[in-house]
Amino acid sequence: MEIIIERDAEGVARQVADRFESVIRHGGRFGVTLGLATGSSPVATYQELIRRHREEGLSFGHARAFLLDEYVGIPRSHEQSYHRFIREHFTSHVDIADELVISPDGQAADPVGEAARYDRGIADAGGVDLQILGIGGNGHIGFNEPTSALTSRTRVKTLTEQTISDNARFFDSPEDVPVHVITQGLGTIMEARRIVLAATGESKASAIAAMIEGPFGAFCPATILQMHPAVTVVVDEDAAGELQDAEYYRFIQRQKSRLEG
Ligand code: F6R
């Protein structure tokens with residue numbers, strides 16, 4: 001794992017955007033497949049990518065995107081559906097074709113079949129080149145809650161009460177938060193060729209420490225990333241607050257910038 005500790009959320013956004021830009025610029029004319037997360041963590045990165053699109057000509061014209069997850073039972077027009085969220089916060093502001101921004105259908109008559117279909121769709125598209133992730137306070141990635149199978153595929157999951165209460169801030173009341181989601185599985189996420197996880201704020205500090213330094217296991221699903229060969233974790237000082245070996249990660253960063261600089 002590459003671990004980058006930035007001073008603040010803007011620094012985190014720039015680091016994550018740099019990785020998107022690199023994949024997009026080197027993707028060639030056959031294009032790249034991006035894996036997009038929703039929630040608050042990636043929003044600053046999306047704003048930075050929109051800025052680079054407008055001011056620096058960064059083009060998403062050869063990109064397609066798959067979302068990590070979607071709530072079950074709310075329509076795509078609902079302001080909290082992830083289908084709508086990603087358009088409002090990112091894709092409608094850049095030159096990615098709308099029909100190539102793909103998400104599970106949370107209103108499918110058969111959500112179980114829809115999840116399997118979605119999983120096959122990612123594989124049929126050749127897999128994800130760069131996946132951006134956030135992390136839940138309980139260590140979930142996507143909506144793979146604690147005890148999710150480490151090899152799981154895209155499927156229907158039941159949210160924990162903690163996640164429902166964390167996400168209630170986006171809804172009128174906790175009762176309005178859907179209990180079920182369709183989420184890419186941990187096995188699905190692990191097939192992405194590169195992964196970048198962004199986290200900011202003190203509320204993520206214990207999950208970040210558990211993911212990077214804790215024992216590997218399904219009770220902190222994000223620990224599966226310890227097994228991935230190309231993961232970058234970008235955190236601000238607050239989210240890095242519980243890392244035992246933070247000085248070592250900073251030392252590596254300094255050595256790397258000396259070599260590159
Ligand atoms: C969102 C997702 C979730 C969030 C996580 C953190 O698509 O899959 O894993 O990344 O719940 O949410 P925020 O960023 O709102 O703290």
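Cβ atoms here come from the backbone N, Cα and C positions, even for glycine.
Feature annotations, courtesy of TrEMBL:
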type     : residues : note
ACT_SITE : ASP69    : active site, proton acceptor
ACT_SITE : ASN138   : active site, for ring-opening step
ACT_SITE : HIS140   : active site, proton acceptor
ACT_SITE : GLU145   : active site, for ring-opening step
DOMAIN   : 9-226    : domain 'Glucosamine/galactosamine-6-phosphate isomerase'
SITE     : SER148   : site 'Part of the allosteric site'
SITE     : ARG155   : site 'Part of the allosteric site'
SITE     : LYS157   : site 'Part of the allosteric site'
SITE     : THR158   : site 'Part of the allosteric site'
Proximal but sequence-remote residues of the same chain as SER148 (site 'Part of the allosteric site') (Cβ under 8 Å, at least 6 apart): HIS140, LYS157, GLY185, LEU186, ALA218, PRO221
Which listed residue (HIS140, ARG155, LYS157) has most other Cβ within 10 Å, given these are recorded positions: HIS140
ARG155 (site 'Part of the allosteric site') and ASN138 (active site, for ring-opening step), distance between Cα atoms, whole Å: 19
Residues satisfying Cβ distance under 8 Å from THR158 (site 'Part of the allosteric site'), sequence separation of at least 6: GLU145, VAL179, HIS180
Active-site residues: ASP69, GLU145 - member with fewest neighbouring CB atoms within 10 Å: GLU145
In sequence order, those recorded positions of ASP69, ASN138, LYS157, THR158 whose CB lies under 6 Å from ligand 1: ASP69
